[in-house]
Amino acid sequence: MREVISINVGQAGCQIGNACWELYSLEHGIKEDGHLEDGLSKPKGGEEGFSTFFHETGYGKFVPRAIYVDLEPNVIDEVRTGRFKELFHPEQLINGKEDAANNYARGHYTVGREIVDEVEERIRKMADQCDGLQGFLFTHSLGGGTGSGLGSLLLENLSYEYGKKSKLEFAVYPAPQLSTSVVEPYNTVLTTHTTLEHADCTFMVDNEAIYDICKRNLGISRPSFSNLNGLIAQVISSVTASLRFDGSLNVDLNEFQTNLVPYPRIHFPLVSYAPILSKKRATHESNSVSEITNACFEPGNQMVKCDPTKGKYMANCLLYRGDVVTRDVQRAVEQVKNKKTVQMVDWCPTGFKIGICYEPPSVIPSSELANVDRAVCMLSNTTAIADAWKRIDQKFDLMYAKRAFVHWYVGEGMEEGEFTEAREDLAALERDYIEVGADSYAEEF
């Protein structure tokens, strides 16, 4: 067995977690109360597959290997009373009494510290139920207080306690349209600095990019958080499908790092997904393998706003789902390689890693997304993602030059030096990306 424990931290993390588990349950044929759908003798995905994410109790019920943590009760109370209340064990849902007030320092140093022991104890219990735990999957936002502060504290502690286990993150990057607080740049820079050495691979999801996709591809004039989370869940499901169903690539978490991370700090792959279609448009589109493969290289299908044509690719994984044959994939990849827009770094072979999972993508009934026969999720490590760091660093600098809002952080026991230290670390990260994108032969002169 190769189990994965999902840890959802903060409001964004928990709400994305809800969307994911609703989709996972549907994909594996598990009902809202944790029992199998009628007519199934065991969950879809084969014994090895579903048990990475679900634990079977003695009563034939399937329980997600997941923990929800938030510093205030509202979001987790919604899980306790919502449609999936019987799916989760009450011990999996942990909340505090007062929130982090969008303050990294409250989540990391004061309020978060009070709850962290309880969370780790629950994680320990869950790890004991596993035969061969392979690692952790985090979902949290970088801009909120709990997601950034408590999220990074947990990652730090887990890396000491479970050093060899993989730690993958799905991190929500703040966006101007959906900004919930003015201090998001501070929280993002501080949490990235703290987690940089502890996370093995971080898939960033930029709210602005998702917002635009919902408007453009799905025709939603004013996308809500539940629309955004539904789309994010679809992407996370595609990334994890190879862990949950029989597939040939990325069958365990370590493989993500091996295939995508050339240097420990350069661990922020860009995620693209296609096709993203509304139910109205789906009947008019063919979605051949080459069409969806090409779509992954278009900025409109990326989960982070950046321009890959200005960057260079270091590694590429294409994860297909559904009705796909290898010959079509090879032909599609050849077409892509012949395009002048796709530039690889010169020190890395132009290899594309291909994974095919024959289980077609599912869509929850209330979703705006159309049901399709095949889909592809591309994970690419590209130097273009440094744009995202540049954007947030500039916003950080504007505020920090005036020391705006800093007293709220210092008041929670944080030292001001941590701001400059974190900012310097991110400046170094930007430089790292410039260096890996430089041609290797240029250094000889």
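Glycine is treated like the rest: Cβ placed from N, Cα and C.
Remember, it's a predicted structure, so these values are computed and weren't measured experimentally.
Listed in Swiss-Prot:
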type: ACT_SITE; residues: Glu255; note: active site
type: BINDING; residues: Gln11, Glu72, Ser141, Gly145, Thr146, Thr180, Asn207, Asn229; note: GTP binding site
type: BINDING; residues: Glu72; note: Mg(2+) binding site
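Around the Cβ of Glu72 (GTP binding site), a 10 Å sphere holds 19 further Cβ atoms from the protein chains shown. Gln11 (GTP binding site) sits 29 Å from Glu255 (active site), taking the C-alpha atoms as the reference points. With all protein chains in the displayed structure included, the most crowded Cβ environment within 10 Å among the binding-site residues Gln11, Thr146, Thr180, Asn207, Asn229 is that of Thr146.
Cα of Glu255 (active site) to Cα of Ser141 (GTP binding site): a span of 24 Å. When the record's GTP-binding residues Gln11, Glu72, Ser141, Gly145, Thr146, Thr180, Asn207, Asn229 are compared pairwise by CA position, the greatest distance found is 23 Å. There are 29 other CB atoms within 10 A of the CB of Ser141 (GTP binding site), with all protein chains counted. Annotation note: Ser141 (GTP binding site) sits in a strand segment as assigned by DSSP.
Take the CB of Gly145 (GTP binding site) and look out to 10 A: across all protein chains shown you find 30 other CB atoms.
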